[in-house]
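Student: The heme 1 binding site feature in TrEMBL is assigned to CYS49, CYS52, HIS53. What TrEMBL lists as heme 2 binding site is CYS79, CYS82, HIS83. Under the heading heme 3 binding site, TrEMBL lists CYS139, CYS142, HIS143. Taken from TrEMBL, the feature heme 4 binding site covers CYS171, CYS174, HIS175. The heme 5 binding site feature in TrEMBL is assigned to CYS336, CYS339, HIS340. If you look up TrEMBL, you'll see 12-185 marked as domain 'NapC/NirT cytochrome c N-terminal'. According to TrEMBL, the transmembrane segment annotation covers 16-36.
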Amino acid sequence: MLVKFWKVLRKPSAKYSLGLLLTLGIVVGIIGWGGFHTVMEATNDLEFCISCHEMENTVYQEYKKTVHYTNRSGVRAICSDCHVPKEWGPKVIRKIKASAEIYHKLVGSIDTKEKFEAKRLELAQNVWAAMEATDSRECRNCHSWEAMDPTKQQEKSVKQMKKGRENGETCIACHKGIAHKLPDMSQGYKAMYEELQALAKKEEAKADTLYTVETQSFFSTEEQAANGKKPDGRLLGLTEVSVLERKGDLLKVRIDGWQQDKVGGLIYALQGKRIFSAALGKKIRDKVVIHKTELDTDTELTWHQVSLDVWVPKGKLLANKGKLLAYGKEMFSASCSVCHSTPAPEHSLANQWIGTLKAMKRFISLDKEQYRFLQKYLQFNAQDTSGGKYHG
């Protein structure tokens, strides 16, 4: 059938001249191209973009309150100016990708305010990632370094812009929420934390190597742990332990790490690095076993490689280290990407991250548990530790 059809197409016309057929082909092509282009441009109109209530009732209302909608110079940037490329190739690709939005319209993925808010962070992150991938191409269609007049900017803005330009940062790194309400950045890592808690209960600590999901108490004896007596210390989040024995809902585990000479109250994860694994009460410190002693020639401090066997409840321990690191990574991104691009964890040394994070503490909204976990995640992925097993 196909062969016969192909022969008909290739057969010379006995009724019409080649010139007429060629002319008709050109006319049809022009009309087709013009129609395609007209439809393409029509889908860039503001009216088209807000023709569904999902957009009209949410992001459009936010956009109307911004400088991109109304300003003293009367220049308005509409949806397509920020979300659709000007170049032909990227524009077609964007339109093809946008066809997936038709499906979500039909199934009602965000057809209520509640559904939209639940998805706001995910939607925003997708847009931010796309803009970062193109070096904020659509922003640069209107804004350019060369056209900026620093004398008409605030001093703080000039410094920040200069720093961003020198570091090769892209517009969206600092200008999130410029046209729409910022999502609750904590949604992502809070949801991940709930998943970690549920997974820890589901796994029931069956693996031989486990990691603490959060800070938890430990006890020197099984009896103390079973009776819920005063704990002998605390294991901090993201601490590795080895399982020695299982008894019901309790585990006997071993903490391996390092202690600085004459500092018996803490066990650190690595020699010379202030990465806290455990805080020890006075009564249990004499049970710490010293395996070897080393001198740190850089600091002239003496360090002991140690271990300590303790009892813990099994409900807050997880075998999947990768999920814990992913949680830390999401928390880092959510906390530190609103005002500037997120720096690489290896930007600082493990011990430097303590001071660096402390300086930023007033700009982030983390509780003590989250803050300690974030600090430890950054320390394990720092410049002098990122090549190790904790690299995430």
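Including glycine, each Cβ sits where the backbone N, Cα and C put it.
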Student: On average, what pLDDT score does this prediction assign to the domain 'NapC/NirT cytochrome c N-terminal' (12-185)?
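Tutor: When the pLDDT values over the domain 'NapC/NirT cytochrome c N-terminal' (12-185) are averaged, the result is 87.
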Student: Work through the binding-site residues one by one (CYS52, CYS139, CYS171, CYS174) and name whichever has its CA nearest to the CA of CYS82 (heme 2 binding site).
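Tutor: Spatially nearest to CYS82 (heme 2 binding site) by Cα position is CYS139.
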Student: List the residues in the vicinity of the heme 3 site, defined as same-chain residues other than CYS139, CYS142, HIS143 with C-beta within 8 angstroms of the site's C-beta centre.
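Tutor: Here the nearby residues are SER136, GLU138, ARG140, ASN141, SER144, CYS171.
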Student: Nearest to HIS175 (heme 4 binding site) by Cα, among CYS52, HIS83, CYS139 (binding-site residues)?
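Tutor: Ranked by Cα distance from HIS175 (heme 4 binding site), first place goes to CYS139.
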Student: To the nearest whole angstrom, state the Cα distance for the pair CYS336 (heme 5 binding site) and CYS52 (heme 1 binding site).
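Tutor: Distance between the two Cα atoms comes out at 34 Å.
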Student: If you count Cβ atoms within 10 Å of the Cβ of HIS143 (heme 3 binding site), leaving out that atom itself, what do you get?
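Tutor: HIS143 (heme 3 binding site) is surrounded by 12 other Cβ atoms within 10 Å.
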Student: Which of the three DSSP-derived classes (helix, strand, coil) applies to CYS171 (heme 4 binding site)?
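Tutor: Its secondary structure by DSSP: helix.
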Student: How big is the Cα-to-Cα gap, in Å, between HIS83 (heme 2 binding site) and CYS49 (heme 1 binding site)?
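Tutor: Between the Cα atoms of HIS83 (heme 2 binding site) and CYS49 (heme 1 binding site), the distance comes to 11 Å.
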Student: Of all the binding-site residues given, namely CYS49, CYS52, HIS53, CYS171, which is spatially nearest to HIS143 (heme 3 binding site) at the Cα level?
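Tutor: With Cα distances computed to HIS143 (heme 3 binding site), the winner among CYS49, CYS52, HIS53, CYS171 is CYS171.
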Student: Restricting the comparison to the binding-site residues CYS79, CYS139, CYS142, CYS171, CYS174, which residue's C-alpha is spatially nearest the C-alpha of CYS52 (heme 1 binding site)?
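Tutor: If we rank CYS79, CYS139, CYS142, CYS171, CYS174 by Cα distance to CYS52 (heme 1 binding site), first place goes to CYS79.
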Student: My understanding is the cutoff is Cβ-Cβ under 8 Å with a sequence separation of 6 or more in the same chain; which residues meet that for CYS171 (heme 4 binding site)?
Tutor: MET131, SER136, CYS139, ARG140, HIS143
Student: Given the binding-site residues CYS49, HIS53, CYS79, CYS174, which one's Cα is the least distant from that of CYS142 (heme 3 binding site)?
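Tutor: Spatially nearest to CYS142 (heme 3 binding site) by Cα position is CYS79.
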Student: Take the mean position of the Cβ atoms of CYS171, CYS174, HIS175, the recorded heme 4 site. Which other residues of that chain put their Cβ within 8 Å of it?
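Tutor: Nearby residues not in the site list: SER136, CYS139, GLY164, GLU169, THR170, ILE172, ALA173, LYS176, ILE178.
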Student: Please report the distance from the Cα of CYS79 (heme 2 binding site) to the Cα of CYS49 (heme 1 binding site), rounded to the nearest angstrom.
Tutor: 7
